[in-house]
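Notes follow the structure.
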Amino acid sequence: EILRRIYTQNIDGLESISGIDDEKLVECHGHFRSASCISCGKSMDANRYQEIIFRTTKTSRSIDDNGDDDEDDNSNNIPTCTGCRSFVKPDIVFFGEALPMRFQSLILEDVERCDLLVVIGSSLLVDPVASIPTWVSVDCPRVLLNLEVVGDFNNKSGKKTDIILQGDCDESVRRLCQSVGWESKIDQLYQKTTNGNN
């Protein structure tokens, strides 16, 4: 197996949209594809959630559906749970909240079994994800593709087996694919993912 897992801090869901199998993906900080009640955990349809938060707000004094003068506090744009009436938020991790159980249940075995760690486009500033490169075994080679040298790649505690490709991530991925004979494969994937998005 070439790819065991992708751990991403991105909340935009691009990895999922690009076709990464859910089994291979851990969205450490969640995503916007679903929403849940902050109290009881009941799910809300993501389309309904977005419809509520993105609808045009009324002016502070407006006419309601019955033609009555109505003062609006913009509460119509706050999604609430149909069960307990508490607030609903997208299934993303806010500062101070615990990471998803999927992260907790997979990270230890994944780190233990990792035989090559690739870090792409990260500041490596937000823990615990930022610490993953320090958790792999000393025998595990690590590759950093990034504009800047970050984390412990940046100091003397970095490993002698570290490979750092500093620069644009897309260009670095292409260079890496060229070096292992995957350039046509990356071109095919690029065409497949961009054809529907032009």
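Even glycines carry a Cβ here, placed using N, Cα and C.
According to TrEMBL, the features are:
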DOMAIN    1-183  domain 'Deacetylase sirtuin-type'
ACT_SITE  HIS29  active site, proton acceptor
BINDING   CYS37, CYS40, CYS81, CYS84  Zn(2+) binding site
Mean predicted confidence [pLDDT] for the domain 'Deacetylase sirtuin-type' (1-183): 85
Integer Å distance between the CA atoms belonging to HIS29 (active site, proton acceptor) and CYS40 (Zn(2+) binding site): 20
Cβ neighbour count within 10 Å of CYS40 (Zn(2+) binding site): 11
HIS29 (active site, proton acceptor) versus CYS81 (Zn(2+) binding site) - Cα distance in angstrom: 22
Integer Cα-Cα distance in angstrom, HIS29 (active site, proton acceptor) to CYS84 (Zn(2+) binding site): 25
For the Zn(2+) site built from CYS37, CYS40, CYS81, CYS84, further residues of that chain with CB within 8 A of the site's CB center: ILE38, SER39, GLY41, LYS42, THR82, GLY83, ARG85, SER86, VAL88
